[in-house]
Amino acid sequence: MGFGDLKSPAGLQVLNDYLADKSYIEGYVPSQADVAVFEAVSGPPPADLCHALRWYNHIKSYEKEKASLPGVKKALGKYGPANVEDTTESGATDSKDDDDIDLFGSDDEEESEEAKRLREERLAQYESKKAKKPALVAKSSILLDVKPWDDETDMAKLEECVRSIQADGLVWGSSKLVPVGYGIKKLQIQCVVEDDKVGTDMLEEQITAFEDYVQSMDVAAFNKI
């Protein structure tokens, strides 16, 4: 298993393809699996790898919480497609000072029993909350205006990037291109969200992260269902 060399374009392409139908490396919530792969990537993937870029920006937003994310961080070869081998070079093998700080949490060998216990408790609490289904789920129908930079922006690619955003409680609907003048068209796209899971701020943050295509995003209509 693996993604090839995640520091190379080929490795990032494997990661992008892997995330085409997934929100996370493993499971349905961010975990130490995402942290392990995130650490191996040199920086934000290029805009044309919209699935990988969407995932990268999402995991980056968990920077302060990464040490407490559930799961156990494993070697890169434990993640990814089964038919691809991990060849990513680890920068930690060349030099590792005693004063180095692991921003994403301790290594498994150094992790204290107390830290393990707390992490397992958090995971159990999350699973317990997830199992309790609310009697009524509040939903909203939102119409978004997504504006490109100019008339040369690839609107098909822009829409692909927008629809690549996946989240629990988010369902994309119909869309159309609407002229705004000077040959420029904006993307008007419908979505239905669960109010306690997805907000317009989150949508705006993730959509405008595709900055090579998107100039801005506005809420054109918002209706409770």
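Don't overthink the numbers, they just go from 1 along the chain as shown.
Glycine is treated like the rest: Cβ placed from N, Cα and C.
Taken straight from Swiss-Prot:
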CROSSLNK  K147  SUMO2 cross-link
DOMAIN    1-90  domain 'GST C-terminal'
MOD_RES   K7  N6-acetyllysine
MOD_RES   S8  phosphoserine
MOD_RES   S42  phosphoserine
MOD_RES   T88  phosphothreonine
MOD_RES   T93  phosphothreonine
MOD_RES   S95  phosphoserine
MOD_RES   S106  phosphoserine
MOD_RES   S174  phosphoserine
REGION    79-98  region 'Disordered'
Using Cα positions only, nearest of the modified residues to K147 (SUMO2 cross-link) (S8, S42, T88, S174): S174
Spatial neighbours of T88 (phosphothreonine) among the modified residues S8, S42, S174 [C-alpha, 10 Å]: S8
Helix, strand and coil residues within the domain 'GST C-terminal' (1-90) as assigned by DSSP: 42 helix, 0 strand, 48 coil
Euclidean distance between Cα atoms of S174 (phosphoserine) and S8 (phosphoserine), Å: 36
Residue pair S174 (phosphoserine), S42 (phosphoserine) - Cα distance, angstrom, rounded: 36
Reduced DSSP assignment, S174 (phosphoserine): strand
Residues near S42 (phosphoserine) in space but at least six apart in sequence (CB under 8 A): L6, K7
Candidate with the highest Cβ count within 10 Å, taken from the modified residues S8, T88, S174: T88
Cβ neighbours of the residue listed as 'SUMO2 cross-link' where a neighbour is any other Cβ within 10 Å: 17
Mean per-residue pLDDT computed across the domain 'GST C-terminal' (1-90): 88
Cβ neighbour count within 10 Å of the residue listed as 'N6-acetyllysine': 15
